[in-house]
Every structure is written in C-alpha cells, then in structure tokens.
Amino acid sequence: MAAAAAAAAGDSDSWDADTFSMEDPVRKVAGGGTAGGDRWEGEDEDEDVKDNWDDDDDENKEEAEVKPEVKISEKKKIAEKIKEKERQQKKRQEEIKKRLEEPEESKVLTPEEQLADKLRLKKLQEESDLELAKETFGVNNTVYGIDAMNPSSRDDFTEFGKLLKDKITQYEKSLYYASFLEALVRDVCISLEIDDLKKITNSLTVLCSEKQKQEKQSKAKKKKKGVVPGGGLKATMKDDLADYGGYDGGYVQDYEDFM
C-alpha cells in the first residue's frame, strides 16, 4: 500500500509539473518580439496598416495647408500692386488739381489761354480717373483698331494718325465733309497753345498755296489745248517762216492762194 501510494504521489507530481510547464499561447505570441504586447497573432499587422492610413491623412492635411498659403501670397501681391497704382494715380490727380487751383504766375496767360489750359488739365484728370477705375475693377478691353490704341510715343501717334485719316477720308465725297472737318479741327485745337496753333495755321497756309498753284497750272494746260485762231496748220507755217527773219519771198502768199 505504501508503495502504491508513493507511486501515485509521484505520478501526481509529474502531472502537476507537466501542467505548470505548459506554455500560454498568448504569452508565446507576445514573447515572439511583436510590438503589440498582449495581442493576438495577426492583430499587430492590422494596427500597422491603420498607422499607415493615419500617415497618409497627415500628409494630405499638410498639402492642403500649404496651398492656401500660396493663394494668399498671390492675392497679397496683387493687392499691393493695386495699392501702388492707386497711390500713383492719386499723386497724379493731386498734381493736376494743384495746377487747376494755382495757375502759373511766371507766364501771363490770356483768358482764352487760361480756359484752354484748364480744359486740357480737366481732360487729363478724367483720363486718370478712367484708368484708375479700369485697373481697380480689372476691366479688360477687347476692342481693336482705333479704339484699342492708347498712343504715348511719336511712333504711336503717327500710326494713330494714319488710322484716323483712313477712317475719316472714307467720307470725303460727302457734301458735309468740308464743314465737318472745319468743326472737327476747331474742336480738337481749342485746348492747344498759341504757338502750336500757329504751326498748324502755317501748315494749312502752305497747303492752300500748293493747291492754288496746282489749280493755275491745270487751267493753263486746258487753255493751250484750245483751238488756235486763224487755223492751226496755217498759223504753224507762218510761225516757222517768221523764224527765218520774216522774209517769205511770196511763198506764203502763193500758198494761201493755192489753198
């Protein structure tokens, strides 16, 4: 009996030893060097994928944050340009306004000259206001030809003048063309200085003299082409004989009798 009990006790101890020596599968996975601690097998892989998604979201957020900064900087540059142009236009307007209020004292102007100077400055101010409005509201002109031109140099005005001439001379056959030009020249010259008006007047005077010479030459040519009194052939022969000292030897008389 004692031997049987001892054997049973030995088997019991062996069973207990085997029981306590069993490895916990959860612990085994955890002891395999995974970063998840007490996670099941494969669970750490899911978490890694999730972490990658978070990284993508963070990158997208950073890109989204950078884009508005670029837009803001561009808008800021445009706003600064507009402000700079506004300052320049305002300065120009102030100068024009000052000249309107305080006429030049160094040069004595007649009432007509003062009026012309004020009209010219007023026109400049209106043009300045118009340009400022266009730049402020971003007006983009899509017109062509004369309306699209904004001449500033000598060459620009030369080209501008050619276009105007081609446009106006289309109607030179009209009955109202001369009166139209008279009114047009008077209106466009009203703001000019006296010296400039004299230059234009002299230019027109020279043009008028040239036209008169051409007209006289044209009338003289028409008179030469008229009928010669006394007959063309006989008069020509008399002129030829007269070149020999006026002696005809009776040949002219014989010729006339024969005719």
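The backbone N, Cα and C atoms fix where each Cβ goes, glycine too.
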132-147, 244-259 - the range that Swiss-Prot marks as region 'Promotes stable association with the 40S ribosome': 244-259
Record feature phosphoserine (Swiss-Prot), assigned residue among S12, S174, S191, S203: S12
Which same-chain residues, if any, lie at least 6 apart from S128 (phosphoserine) yet have Cβ under 8 Å of it: Q89, R92, Q93, I96
Overall pLDDT for the region 'Sufficient for interaction with EIF3B' (1-70), taken as the rounded mean: 51
